[in-house]
């Protein structure tokens with residue numbers, strides 16, 4: 001069994017980063033004009049959390065165990081709250097796509113830009129001690145993950161729109 005690693009024992013930069021990202025994201029969502037039905041809004045908020053949980057619980061735990069989240073190598077209560085910061089990203093990703101009216105080829109650079117934004121956010125998360133890489137994991141390894149997840153996010157939202165349009 002693995003020993004518990006303690007990276008930090010204080011309420012500091014990593015917790016404040018999660019709070020700031022969540023609060024700023026929620027403020028942006030509240031300020032922006034509403035573009036979605038309640039179902040679409042719920043979908044865009046929850047998918048960010050779900051994707052974060054799925055990938056963190058896939059590659060962030062054994063057998064891969066490529067990184068830890070938060071102050072310790074075991075889960076803590078605040079780690080659960082850290083997933084809330086993913087919700088605004090999911091919403092804003094789809095909001096921007098709809099606002100810009102992107103179609104066809106233009107979806108590709110949009111997904112690339114959002115993947116780069118995600119990489120930048122992950123890099124800041126490393127700096128503040130929210131993520132702790134292990135076993136040779138590097139930031140660059142996250143690029144295909146973000147490209148994949150944002151592509152799937154877009155496709156699932158399109159599927160939701162298609163289903164809703166058929167119901168009308």
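Here the Cβ of each residue, glycine as well, is placed from N, Cα and C on the backbone.
Annotated features in TrEMBL:
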type	residues	note
TRANSMEM	16-32	transmembrane segment
TRANSMEM	39-60	transmembrane segment
TRANSMEM	80-100	transmembrane segment
TRANSMEM	107-133	transmembrane segment
TRANSMEM	139-157	transmembrane segment
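Segment contact holds for the transmembrane segment (107-133) and the transmembrane segment (16-32), given three or more CB pairs below 8 angstroms at sequence separation of 6 or more. Cβ atoms under 8 Å from those of the transmembrane segment (80-100) belong to residues 18, 21-22, 24-26, 28-29, 32, 35-36, 40-41, 44-49, 51-53, 56, 69-70, 106-107, 110, 114, 118, 121, 130, 150, 153-154, 157 of the same chain, restricted to positions at least 6 beyond its ends.
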